[in-house]
Amino acid sequence: MGRFLLVTLSLLVMAFFLNGANSCCCPQDWLPRNGFCYKVFNDLKTWDDAEMYCRKFKPGCHLASLHSNADAVEFSEYITDYLTGQGHVWIGLRDTKKKYIWEWTDRSRTDFLPWRKDQPDHFNNEEFCVEIVNFTGYLQWNDDSCTALRPFLCQCKY
């Protein structure tokens, strides 16, 4: 019995420290993931204003970049839980050259692009910023006018 209690207690302590290692430095209400902290903001902003808002937290903060299906699923659940409205959500991807060359604001690799069907399309030659689409369960992306007002997802390295 004593050995079982010791093993159980050791496992609980280890789980506590492992969980703390991932979330110890994120501000309250931010989601810890992959060494970054993420937060969805319900304020409606243009893509540029959203990026500037994210940058105000500290150097290295940007609109979020997503790099895997696991990221997409995690953020889908997080956005669904914390977004008070039902709008699409800005992320940190855009086509600054307007030639279907998509780049993240944090300069990370563009290695995951779960576009909605028939997207991106640069509709009317006006859509160069990327949003996560609400009616896909926040799992697929669309290009939209950078001046549209949207909630947004920030990421910061803490």
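Every residue number used here counts from 1 along the chain in the order it is shown.
Glycine is no exception: its Cβ is also placed from the backbone N, Cα and C atoms.
Now, the feature entries from Swiss-Prot:
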BINDING   Q119, D121, E127, N142, D143  Ca(2+) binding site
DISULFID  C26-C37  disulfide bond
DISULFID  C54-C154  disulfide bond
DISULFID  C129-C146  disulfide bond
DOMAIN    33-155  domain 'C-type lectin'
CARBOHYD  N134  N-linked glycosylation site
SIGNAL    1-23  signal peptide
- prompt: What is the three-state DSSP composition of the domain 'C-type lectin' (33-155), stated as helix, strand and coil residue counts?
  reply: 29 helix, 39 strand, 55 coil
Message: When you rank C37, Q119, E127, N142, D143 by Cα distance to C54 (disulfide bond), which of the recorded positions ends up on top as the closest?
response: C37
Message: Tell me the Cα distance separating the residue listed as 'N-linked glycosylation site' from C26 (disulfide bond), rounded to the nearest angstrom.
response: 26
- prompt: For the binding-site residues D121, E127, which one has the sparsest Cβ surroundings, going by other Cβ atoms within 10 Å?
  reply: D121
- line: Closest by Cα to C129 (disulfide bond), out of the binding-site residues Q119, D121, N142, D143, is D143
